[in-house]
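What TrEMBL records for this protein:
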type	residues	note
TRANSMEM	100-124	transmembrane segment
TRANSMEM	130-148	transmembrane segment
TRANSMEM	169-190	transmembrane segment
TRANSMEM	216-238	transmembrane segment
TRANSMEM	268-287	transmembrane segment
TRANSMEM	307-329	transmembrane segment
TRANSMEM	341-360	transmembrane segment
TRANSMEM	366-388	transmembrane segment
TRANSMEM	400-429	transmembrane segment
Amino acid sequence: MDKSTTTTPLLSTPWHRRFRLKTTLSSELSGAVGDLGTYIPIVLTLTLVSHLDLGTTLVFTALYNVATGLLFDIPMPVQPMKSIAAVAVSESPHLSVPQLAAAGLSTAAVLLILGSTGLMSLLYRFLPLPVVRGVQLSQGLSFAFSAIKYIRYDQDLATSKSGAPRSWLGLDGVLVALFALLFLVLTTGAGDNPTYTVNEETENESFRRRRVSERLWLLSSIPSALIVFLIGMLLCFLRNPSAFKGLEFGPSKISLVRITWKDWKIGFFRAAIPQIPLSILNSVIAVCKLSGDLFPDREASVMKVSVSVGIMNFVGCWFGAMPVCHGAGGLAGQYRFGGRSGLSVVFLGIGKLILGLVFGNSFGRILGHFPIGILGVLLLFAGIELAMACRDMNTKEESFVMLVCAAVSLTGSSAALGFGCGILLFLVLKLRQMECSGNSGFPKSSDDDETTGIIP
């Protein structure tokens with residue numbers, strides 16, 4: 001079947017089925033926090049640098065989580081637009097909230113147009129699969145590299161720079177992160193589901209395999225990521241108990257953001273232009289391909305994901321909420337830690353909504369003391385899970401295109417540049433294999449009968 005027309009069953013699936021657990025409750029709860037390794041650092045950075053209102057962002061992203069969880073019926077993540085956040089922090093002067101909103105709205109408008117007109121589906125249909133895998137690989141490795149920095153070095157979130165090597169001891173020391181890493185490896189393994197296959201074997205071998213399978217199932221049922229996150233919240237209190245004394249109860253005051261013509265120009269040219277290709281590639285195309293890999297019966301529709309990003313930002317950015325998108329890394333992280341249905345992100349949305357309504361913007365004082373090393377551990381697993389989606393590149397040609405695309409993306413820090421090089425390389429390789437009419441005496445390449453690598 002043509003995957004460009006494959007849609008998430010938004011209307012065909014009865015609503016009551018979307019409230020059914022597809023795994024254990026503990027696994028869904030654990031998967032709910034699988035993407036916080038990227039969410040928390042970026043939100044905190046924008047709160048410190050651009051004076052983003054954390055309470056407003058928590059409330060709106062909570063609503064997005066609940067809506068997307070129910071509509072897509074998979075743990076569809078809601079994450080910050082990373083390129084916009086990078087520009088807001090790294091360039092001087094820093095972007096203001098109206099400029100952030102203008103950048104988010106500009107990006108949302110492009111995705112909304114591409115999705116509603118069918119152009120995004122057309123693009124997805126004809127994109128070579130090795131190029132998509134290259135984008136996924138580069139994003140996954142980028143997450144993993146950032147995660148290692150979080151674990152090994154002190155982080156200045158206000159400048160997004162690494163500092164001195166992190167102390168081994170202490171409540172945010174390297175040992176704390178390593179213990180969290182060891183705990184997650186012991187409970188979740190490599191991320192595969194424990195299975196038991198019956199083969200011809202002796203009674204003792206059968207008993208031993210069954211015992212191992214039962215132990216692995218018991219370990220995988222532990223909400224490991226949730227436990228690690230709750231330990232991180234406890235360490236927030238132990239690191240600075242006075243941070244809890246200054247909490248103010250009640251939601252933030254939500255008001256309409258006034259965006260001037262100057263804000264539109266700065267937001268579009270400085271932040272939206274580098275964000276648009278990243279959103280198209282990672283927030284729509286890569287996330288839809290990954291959803292098909294992880295949930296073959298519930299692959300997300302390219303059109304609906306693109307429109308979803310547009311609608312979310314057109315709702316929230318006008319009120320000062322952080323520009324958001326869907327991301328393949330977030331989906332990989334939530335799946336890695338047990339999320340198997342939309343209820344996983346619904347639970348996350350409920351938690352965000354409670355925090356946003358009860359503590360408002362003052363909750364940032366607590367998150368500011370969250371151990372960065374633990375966030376690095378969560379981010380590491382999400383990045384590796386996303387990168388492992390590329391293991392289906394079976395031919396040397398496919399691997400070559402994928403690796404060149406990933407290498408250029410990582411070196412140039414630009415998914416768009418890597419994507420362009422990957423497309424060009426793919427076309428050159430196919431041109432090389434074409435049979436010219438004037439040289440019919442040459443034999444065809446043996447690769448002519450192989451798969452083209454285009455997403456079917």
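In case you wondered, yes, glycine gets a Cβ from its N, Cα and C as well.
The structure displayed is predicted, hence computed values, not measured ones.
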Tertiary contacts of the transmembrane segment (100-124) (same chain, 6+ residues out, Cβ under 8 Å):
3-5, 46, 50, 52, 81, 84, 87-88, 257, 259, 263-264, 266-268, 270-272, 275-276, 279-280, 283-285, 288, 301-307, 309-314, 317-318, 320, 322-325, 455
State the residues, same chain only, that lie 6 or more residues beyond the ends of the transmembrane segment (341-360) and have a CB under 8 A from a CB inside it; answer 'none' if no residue qualifies.
18-23, 28-29, 31-33, 54-59, 61-66, 68-78, 247-252, 334, 366
Are there at least 3 C-beta pairs under 8 angstroms linking the transmembrane segment (169-190) and the transmembrane segment (400-429), leaving out pairs fewer than 6 apart in sequence?
no
When you check the transmembrane segment (216-238) against the transmembrane segment (307-329), do you get at least 3 Cβ pairs under 8 Å, counting only pairs 6 or more apart in sequence?
no
Contact set, same chain, for the transmembrane segment (130-148): CB under 8 Å, 6 or more residues outside the stretch:
37-38, 281-282, 285-286, 289-290, 328-329, 332, 376-377, 379-380, 382-390, 392-393, 397-407, 409-410, 415, 418-419, 422-423, 426, 453, 455
The transmembrane segment (366-388) vs the transmembrane segment (169-190): three or more C-beta pairs under 8 Å (separation of 6 or more)?
yes
